[in-house]
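Annotated in TrEMBL:
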DOMAIN    1-406  domain 'Major facilitator superfamily (MFS) profile'
TRANSMEM  21-43  transmembrane segment
TRANSMEM  49-71  transmembrane segment
TRANSMEM  83-100  transmembrane segment
TRANSMEM  152-174  transmembrane segment
TRANSMEM  180-197  transmembrane segment
TRANSMEM  229-248  transmembrane segment
TRANSMEM  260-282  transmembrane segment
TRANSMEM  294-314  transmembrane segment
TRANSMEM  320-340  transmembrane segment
TRANSMEM  352-377  transmembrane segment
TRANSMEM  383-402  transmembrane segment
Amino acid sequence: MSVLAAPPEPLAPPQTRPWRILFAVMFFTSWAGNQFSPLLLLYQERQHYSTAAVNGFLGVYVLGLVPAFLLSGALSDRYGRRPVMFAGVLAAVAASTALAFGESGALMICFGRFLAGVTVGTATCVGSAWMKELSQWPHDPAADTGAGARRATLSFALGSLAGAAVAGLIAQWGPWPEQLPFLIHVALTLPFAWLVLRAPETATTGGVPGPLRAQLRVPAAGHRRFTRVVLVAGPWVFAASAIGYGYLPVLLADATRGWGIAYATLLTVVALAASAAVQPLAKRLDRRDSARGVLAGVAMITAGVAAVAAAAHWQSWPLGVAAAVVAGAGMGTGMVSGLLEVQRIAGPADLAGLTGVFYAVSYLGFASPALLAAVAAGTGAPAPSLLLGVVGVGVVCAAAILRSYRRYLPG
């Protein structure tokens with residue numbers, strides 16, 4: 001495991017505020033994860049994949065995400081943030097390279113999507129912990145206590161937005177739509193494989209004492225506040241994005257015929273812009289003595305899913321845009337509030353590990369379109385009815401969070 005040892009600490013004056021380097025790294029790694037979403041309709045139209053197949057491509061992403069979340073955080077707590085994040089940047093380049101050859105068949109698309117999952121899993125898990133550490137003394141003494149979570153969430157939202165916008169615009173109106181978006185990403189991301197090694201290392205405790213398997217246990221994951229509040233809310237964070245701008249364009253394909261790719265891009269951009277814009281509100285909603293922020297996020301997402309059901313039922317693309325706004329605002333609120341809860345629960349030795357568990361559970365929601373499509377195919381139930389069932393589950397989860405609203409607070 002010596003190959004994972006952190007490189008020597010670079011000398012950098014404090015005034016450089018190294019969180020900015022990490023912000024850019026997280027921006028481009030998040031780009032890698034979301035540039036695929038607007039292309040789902042393109043793959044249906046040009047390569048004639050079924051709806052189940054393209055939703056399956058979304059599901060493969062989760063297969064890379066979850067192991068990366070569970071392993072990368074613990075590894076970075078033990079061996080350092082820099083080497084693990086460096087591996088995440090390399091995975092981003094490899095993912096886009098594979099997807100640029102997606103015309104060769106579904107296997108290459110699945111491989112690229114798997115690597116994209118590894119990329120985003122590593123970057124968001126390790127990056128969120130690292131951002132928190134770089135957004136405090138001695139690296140940024142002026143930052144407030146919630147700055148790290150907000151910066152991490154904002155970089156994720158803006159990077160995801162940029163990736164979707166570039167890919168969607170090229171797919172609708174540009175040349176080489178199945179190659180050029182990914183090649184652009186490779187060119188922009190490569191320099192950060194070097195730049196990420198210039199950021200200060202902050203994981204200096206060596207993590208949880210003992211063998212590596214002890215680090216992987218993440219003791220704070222058993223904290224009742226985490227299991228009763230954070231884990232209940234987690235899957236809704238990315239169910240919002242998966243349903244709001246991944247699944248909805250497919251449901252409205254007939255209503256947007258001729259400009260479906262542009263519409264998918266519009267939904268993605270609108271949702272992620274709402275996620276970024278809601279950051280100040282999310283900060284004010286968060287309270288150390290209650291689950292107000294987390295509950296608000298779940299409530300917004302549930303309302304967004306209800307709006308998606310209505311848009312699908314009436315085949316209304318304007319209502320779909322409104323649904324994306326609500327779901328995106330809920331996603332941003334839920335992510336910021338969830339990260340702040342995690343940072344209050346975790347200790348320095350397992351911060352990235354617990355962040356990884358939070359993201360792993362959150363990204364399970366990304367598989368929701370594939371699950372809904374499979375249930376629809378097996379039962380013949382219309383999508384709006386299934387989405388109303390999801391709304392019912394959201395109400396139950398909100399009630400569970402409300403029950404633990406002021407309970408199990410970390411000491």
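Note that Cβ sites are derived from N, Cα and C of the backbone, with glycine treated the same way.
Among residues of the same chain six or more beyond the transmembrane segment (21-43), those with a C-beta under 8 A of the stretch's C-beta atoms are 49, 54-55, 57-58, 61, 85, 88-89, 92, 95-96, 99, 102, 109, 113, 116-117, 119-120, 122-124, 127, 130-131, 134, 151-152, 154-164, 166-168, 171, 177-178, 181-182, 185, 188-189, 192, 195-196, 198-199, 245-246, 249-250, 253, 260-261, 264-265, 268, 272. Of the candidate ranges 49-71, 83-100, 152-174, 294-314, 352-377, 294-314 has the most C-beta pairs within less than 8 angstroms of the transmembrane segment (320-340). The transmembrane segment (152-174) makes no contact with the transmembrane segment (83-100), as judged by fewer than three Cβ pairs under 8 Å among residues 6 or more apart in sequence. For the transmembrane segment (383-402), same-chain residues at least 6 beyond its ends with a Cβ under 8 Å from one of its own Cβ atoms are 228-229, 232-233, 236, 239, 243, 251, 291, 294-295, 298-299, 301-302, 305-306, 308-310, 312-313, 368, 372, 375-376. A Cβ distance under 8 Å defines the sequence-distant neighbours of the transmembrane segment (352-377), meaning residues of its chain 6+ beyond its ends; these are 51-52, 55-56, 58-59, 61-62, 65-66, 68-74, 76-77, 81, 121, 124-126, 128-130, 203, 207, 215-216, 218, 220-221, 226, 230-231, 234-243, 246-247, 250, 335, 338-339, 342, 345-346, 383, 386-387, 390.
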